[in-house]
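Report on one structure; see the data block that follows.
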Amino acid sequence: MESFEGGGVAPQPYRFPQARIPERGSGAFRLTARNAMAHHDSEMKEECLREDLKFYFMSPCEKYRARRQIPWKLGLQILKIVMVTTQLVRFGLSNQLVVAFKEDNTVAFKHLFLKGYSGIDEDDYSCSVYTQEDVYESIFFAINQYYHLKDIALGTLGYGENEDNRIGLKVCKQCYKKGSMFPSNETLNIDNDIELDCVHLDLQALSKDPPDWKNSSFFILEFYRLLQVEISFHLKGIDLQTIHSRELPDCYVFQNTIIFDNKAHSGKIKIYFDSDARIEECKDLNVFGSTQKNAQYVLAFDAFVIVICLASLILCTRSIVLALRLRKRFLNFFLEKYKRRVCDADQWEFINGWYVLVIISDLMTIVGSILKMEIKAKNLTNYDLCSILLGTSTLLVWVGVIRYLGYFQAYNVLILTMQASLPKVLRFCACAGMIYLGYTFCGWIVLGPYHDKFENLNTVAECLFSLVNGDDMFATFAQIQQKSILVWLFSRLYLYSFISLFIYMILSLFIALITDSYDTIKKFQQNGFPETDLQEFLKECSSKEEYQKESSAFLYCICCRKRKRSDDHLILIN
């Protein structure tokens, strides 16, 4: 021990205690390294999730600029719009010929088989008769016209078989079973059981001269018991006008029915004519020229439309499936890190409603195209179902275009306003609908016997809806019959109160709800929308990029390298 000059002992220097560094092979070192690696993996996992979410909510153009991914679905949707619209236009032109052929034949049949038909229907029936002689003449006139059809008809018509596989007319009459009536004594004895009696007149029976069938007891009508007389027959025809459009012709079967309605026993018998036309496959169809080749081109075009829609259906379904997987990743991460569930609004952000719309449209287009191909090949004849499917699918396709306009702020106002106002509008309409139904039932029961527009519930609802929109107001007021002063006064109170309530109050409130939502959206666009948990989570990624571009890029590169191959499919193409 050294000593100082004064003979004392030299002091020893103080040593600070040092933290014990665990040896490399010890368990404490392995635990610390494991925690560091777990923390690092958690950060990389979070950053990868942010990047995937950010990429998912990008527009197709932003995705192309970010990762050079070609927007296949966008191009496919544009091609599908052109193809589906072209297909619809061609089918619409063909369907117009079918509808025109049916309507023209119905008008021709009315002139052929209805005696004294003026060309204009009376309300819901074609014409009416008022004497017994007119009834007999009208019945015999229709039967004679049927027999001489080939000599007088201008169309390509022939006789068809009825339900009993017999060619000819079927005449049926409905009468009360028995009874007697003496109006002068105000006496009535009637059995309200209805009996049905039918007779079949084939061409051989109609060809007899003199016509014995006219003197049959069947045609002796007791009008006080008579309810109705029904004449039914089938005719066949071929639509040749489709050949001019380079299409194969259709073969038609017209099921015609003439009804003499005497159920009211009011002295007026209404005559109804109904023609139900259905298309059947032509048994022997030989058309030479370019018509058959044109049909093959149309079938090939329809097959190409099916392929396009099938590809769109697969891509959109795949995107929805991948979006649900990404949603599950985000929910699990949020629950693990923040210990709470994500709100419902953020969860619905992953369900792209436009994809659902496209999937429905694709399914309808595929089914409608298959029906159209069968119709073109003359294997099916259901034009109505095919037109409904193709028309609705085209409507949904064009509505889907709004999605791409929504990426621009100037065009996004309509979509956002509809989304914001729809719940309030539906609740408002539910309340207003109760008042509307009340006025509908009241107008039907009170004004129905005195006003043509209030005869049934369907007409009443249509009339009131027209009044709400300011249509045909004066005519509705003027057509009320003034047979009852009390009903006339009630009609004025009823109409004035309905118009005032719905136009000045309910319609104004309806518009105010939409206007309020529009103003709210405009303010949000100027000041910013309220941020949800999902948006705040994505905002952290954007804020980090402002001052850590290099580190973020490096971390993202590490993240992509660390990602398992099983997670590669979660990088979505929105």
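From the backbone N, Cα and C atoms, a Cβ is placed for every residue, glycine too.
TrEMBL does not curate its annotations; it predicts them automatically.
Listed features, source TrEMBL:
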DOMAIN    98-283  domain 'Mucolipin extracytosolic'
DOMAIN    386-521  domain 'Polycystin cation channel PKD1/PKD2'
REGION    1-20  region 'Disordered'
TRANSMEM  297-326  transmembrane segment
TRANSMEM  347-367  transmembrane segment
TRANSMEM  387-405  transmembrane segment
TRANSMEM  425-447  transmembrane segment
TRANSMEM  493-514  transmembrane segment
Below 8 angstroms Cβ to Cβ, which residues of this chain, lying six or more residues outside the transmembrane segment (493-514), approach it?
417, 421, 424-425, 428-429, 432, 435-436, 439, 442-443, 446-447, 464, 467-468, 470, 473, 476-477
Residue numbers, six or more beyond the limits of the transmembrane segment (297-326), whose CB comes under 8 Å of its CB atoms:
52-53, 56, 72-73, 76-77, 79-80, 83-84, 86-87, 90, 350-352, 355-356, 358-359, 362-363, 365-366, 369-370, 372-373, 376-377, 569-570, 572-574
Under an 8 Å Cβ to Cβ limit, what residues of the same chain, 6 or more beyond the ends of the transmembrane segment (387-405), are close to it?
60, 74, 77, 80-81, 84-85, 87-88, 91-92, 95, 354, 357-358, 360-362, 364-365, 367-369, 371-372, 411-412, 414-415
Based on DSSP, tally up the residues of the domain 'Polycystin cation channel PKD1/PKD2' (386-521) by helix, strand and coil.
118 helix, 0 strand, 18 coil
What is the average pLDDT across the domain 'Polycystin cation channel PKD1/PKD2' (386-521)?
87
